[in-house]
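Okay, structure first, notes after.
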Ligand SMILES: Nc1nc2c(ncn2[C@@H]2O[C@H](COP(=O)(O)OP(=O)(O)OP(=O)(O)O)[C@@H](O)[C@H]2O)c(=O)[nH]1
Ligand SMILES: Nc1ncnc2c1ncn2[C@@H]1O[C@H](COP(=O)(O)OP(=O)(O)O)[C@@H](O)[C@H]1O
Ligand SMILES: [Mg+2]
């Protein structure tokens, strides 16, 4: 009797994309972690890594190497090291671009209601969440924040109901 559907080995291997999402120190302090995780879960993306960390200044300046020379960077450093962050890796088709849309523009004051920043923030320096902005950036950031053995490759039981099986053949 097949209670759980096809055996794992016969499930199609699908092209995957990953992104780094972080709940910033304000999100942790404001008890928004659960609500933020919930949004990615309900979209159907798959969580493959998660941990709480205190970011070091070195890690942060690598992570934000594109803004490290900007005049406001000291504010970003103070903000991002002010308490623990929750870092996560999410998997799914087009997850990088979709996550950016879910997160909304950098400044919460410009973000639409319904986005994470639009619902939970209104100041650029307290914008609750980070999301990688490109697939290359995501790979770089995941490598910075996670060891390989902290990411798990697992089969989710709903994948046939969130991804059409023929996706890779189109
Ligand atoms: N205080 C302050 N912080 C800023 C300013 N501009 C950007 N930041 C912060 O620096 C972060 C990085 O900026 P960007 O990478 O350009 O914005 P982003 O890609 O929307 O944000 P991340 O997802 O955190 O990378 C922002 O999310 C803000 O928290 C600014 O003018 N003042
Ligand atoms: N003008 C700004 N003033 C204060 N903080 C900023 C500003 N621009 C960016 N930041 C902070 O730096 C982070 C990284 O910036 P950036 O990567 O450009 O935006 P995003 O977070 O939307 O990808 C932002 O999320 C925000 O926390
Ligand atoms: Mg950014």
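Cβ from N, Cα, C; glycine included.
Positions annotated as domain 'Nucleoside diphosphate kinase-like' by TrEMBL: 16-153. Annotation source TrEMBL lists ATP binding site at 24, 72, 100, 106, 117, 127. For 130, the entry in TrEMBL reads active site, pros-phosphohistidine intermediate.
Distribution of TrEMBL features across the structure.
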residue : record                                          : CB count, 10 Å
24      : ATP binding site                                : 25
72      : ATP binding site                                : 11
100     : ATP binding site                                : 16
106     : ATP binding site                                : 14
117     : ATP binding site                                : 25
127     : ATP binding site                                : 24
130     : active site, pros-phosphohistidine intermediate : 21
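Residues in the domain 'Nucleoside diphosphate kinase-like' (16-153) partition by DSSP class (helix H, G, I; strand E, B; coil) as 65 helix, 26 strand, 47 coil.
Separation of the C-alpha atoms of the residue listed as 'active site, pros-phosphohistidine intermediate' and residue 100 (ATP binding site): 9 Å, rounded to the nearest whole number.
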